[in-house]
Amino acid sequence: MKLRNTAITRANSACLPMGDRLDFKYNSVNEGDERKGGHGIPKVSMVPLIFLIFYEVSGGPFGIEDSVKASGPLLAIVGFLVFALIWSIPEALITAEMGTMFPENGGYVVWVSSALGPFWGFQQGWAKWLSGVIDNALYPVLFLDYVKSSVPALGGGLPRTLAVLILTVALTYMNYRGLTIVGWVAVFLGVFSLLPFFVMGVIAIPRIEPSRWLQMDLGSVNWGLYLNTLFWNLNYWDSISTLAGEVENPKRTLPRALSYALVLVVGGYLYPLITCTAAIPVVREQWSDGYFSDIARILGGIWLHSWIQGAAALSNMGNFLTEMSSDSYQLLGMAERGMLPEFFARRSRYGTPLIGILFSAFGVILLSWMSFQEIIAAENYLYCFGMILEFIAFIKLRMTHPNASRPYKIPLGTIGAVLMIISPALLIVVVMALASFKVMAVSIMAMIVGFVLQPCLVYVEKKRWLRFSISADLPDLSDSQEAAENDTVPLTF
């Protein structure tokens, strides 16, 4: 059921700082035995959720080769370790706390709206959705890059354009059919994509020369490529929050799934980096996208080369599926909070956000002309803007609502929480500063569009040109310290 709200009511009851609204409880969080949502659609369980997070963040070690090209073996290996510590772990911890505090499909949009108000909540949603769509435009292109060696006609021109359209339509239809299907497809693709790297690492062990790990030349490091590659491969932990309303027992499932996925992602990067950089002589110029398949041919032969190429191609499909799910459910969650027109909240007969899926697919097709490096830089810039808002919202809610129910709470006080986000915040500044003028200009223009779009939507609602509403089914928060203590779920990294 949907309740009609004016723009003023919506701002007061849904999107402004929720000081008064924190007196209520998210009933769905405490009804952990529910396996189906209100639409009768099965919710996502632990194993599919782990692999949905895996594909939101990673999808396997495809694309990490540029870290070696930019810096050499030592800095690449150290970089993935350090970035995991200063970026991935804090972001995953914040997602676990805030995602269980607000277990609904708006995800980080609701976090920011609750702390900073509807305007900044909308900016968060706009920047993150646009970043996700830009990211998703990359995967059909990467898929074709992997298969064009077998089908040269897909290297360019009309056949390539048609192939991008066909792939986008086919994968969009899979999203339309249901999130549980996407989740189990992600499990299959994840196992298929990681297994050849495990085999290649075992084959590489007899040929390992540890001295090769120590190669480093600080004077020749391409810091922009290095940082963007690390950042791109270790971010988006918060994306799963936009699916929290579709998760079975999110207060326990989400924190644990994040911890398991963290091990899977970081291990999936370090294992092939450590084994392959020491098994063959490192020529940095050769370490570009797809080079792992060349190493597979050297170490194992054509069969392993073909396996990794096939895994790489299919992994891009997994990335596309999960990213589109996150983007489309985010739009649904924003509509359920009255931030977008009501038609964005309509679900298909499979329980999926039909309009959100179509909008996300259209955005992917429009942006598929961008180059690989431009896509990474542009999405990183917009993503950084959104993360700044998330960090501010996280700290503000800790300070203004310390006793609100948090089924999982990071075991740090306010000062500890501030210290935890200092390193990620500095990293954001560096990544944004290293952006090219073109990327910076386009990203700033995109954010300006968001600044104009939100008040325009408020005006549209006041004029009643489109219908906006807040879902009557949304659960509420509790400000009970006792409930927070009883429901807290341990999460260790």
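Cβ coordinates are placed from backbone N, Cα and C, and glycine is handled just like the others.
Note that the structure is predicted; figures quoted are calculated from it, not measured.
Taken from TrEMBL, the feature transmembrane segment covers 44-64 (among others). When Cβ-Cβ distances below 8 Å are used as the criterion, the transmembrane segment (44-64) is approached by residues 35, 76, 80, 88, 142, 179-180, 182-184, 186-187, 189-190, 193-194, 197, 229, 232-237, 239-240, 243, 246-248, 253-254, 256-258, 260-261, 264-265, 268-269, 272-273, 289-290, 292, 311-312, 315-316, 318-319, 321-323, 325-326 of the same chain, each at least six residues removed from its ends.
For 70-94 (among others), the entry in TrEMBL reads transmembrane segment. For the transmembrane segment (70-94), the list of distant contacts is 57, 64, 212-217, 221-223, 225-226, 229-231, 233-235, 237-238, 258-259, 261-262, 265-266, 269-270, 273-274, 277-278, 282, 284, 387, 390-391, 394, 410, 420-421, 423-424, 427, 491, 493: same-chain residues at least six beyond its ends, Cβ to Cβ under 8 Å.
Look at TrEMBL and you will find 106-123 (among others) tagged as transmembrane segment.
The transmembrane segment feature in TrEMBL is assigned to 158-176 (among others).
The transmembrane segment feature in TrEMBL is assigned to 182-206 (among others).
The feature transmembrane segment is assigned by TrEMBL to 218-237 (among others).
Positions annotated as transmembrane segment by TrEMBL: 257-283 (among others). For the transmembrane segment (257-283), same-chain residues at least 6 beyond its ends with a Cβ under 8 Å from one of its own Cβ atoms are 46, 49-51, 53-54, 57-58, 60-61, 64, 67-68, 72-73, 76-77, 80-81, 84, 88-89, 92, 95-96, 190, 194, 197-198, 200-201, 204-205, 207-210, 212-213, 215, 233-234, 237, 240, 292, 295, 298-299, 491-493.
TrEMBL lists 354-372 (among others) with the feature transmembrane segment.
Nonlocal intrachain contacts for the transmembrane segment (378-398), taken as residues 6+ away from its ends with a CB within less than 8 angstroms of a stretch CB, comprise 91, 94, 97-98, 101, 108, 111-112, 114-116, 120, 123-124, 127-128, 130-132, 134-135, 228, 231-232, 235-236, 238, 370, 404, 414, 417-418, 421, 424-425, 428, 431-432, 435, 439-440, 442-443, 446-447. Sequence annotations record features per position, and here TrEMBL assigns transmembrane segment to 378-398 (among others).
The transmembrane segment annotation in TrEMBL covers 410-434 (among others).
Positions annotated as transmembrane segment by TrEMBL: 440-460 (among others). Listed by sequence, the residues of this chain that lie at least six past the ends of the transmembrane segment (440-460) yet keep a Cβ under 8 A from its Cβ atoms are 7, 11, 118-119, 122-123, 126-127, 130, 339-341, 378, 381-382, 385, 432, 466, 468.
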For the transmembrane segment (218-237), find every same-chain residue at least 6 residues outside the stretch whose CB is under 8 Å from a CB in it, and list them. 53, 56-58, 63-64, 66-67, 69-72, 75, 79-80, 83-84, 87-88, 91-92, 95, 135, 258, 262, 265-266, 269, 373, 376-377, 379-380, 383, 387, 427, 430-431, 434
Could you pull out which residues elsewhere in the chain have a CB under 8 Å from any CB of the transmembrane segment (410-434), counting only those six or more residues past its ends? 83, 86-87, 90-91, 93-94, 96-97, 223-224, 227-228, 231, 380-381, 384, 387-388, 391, 394-395, 398-399, 402, 440
Apart from its near flanks, which chain residues at least 6 from the ends of the transmembrane segment (182-206) lie with a Cβ under 8 angstroms of it? 44-45, 47-49, 51-52, 54-55, 59-62, 174-175, 264, 268, 271-272, 275-276, 278-279, 292, 295-296, 299-300, 304, 307-308, 311-312, 314-315, 317-318, 321-322, 325
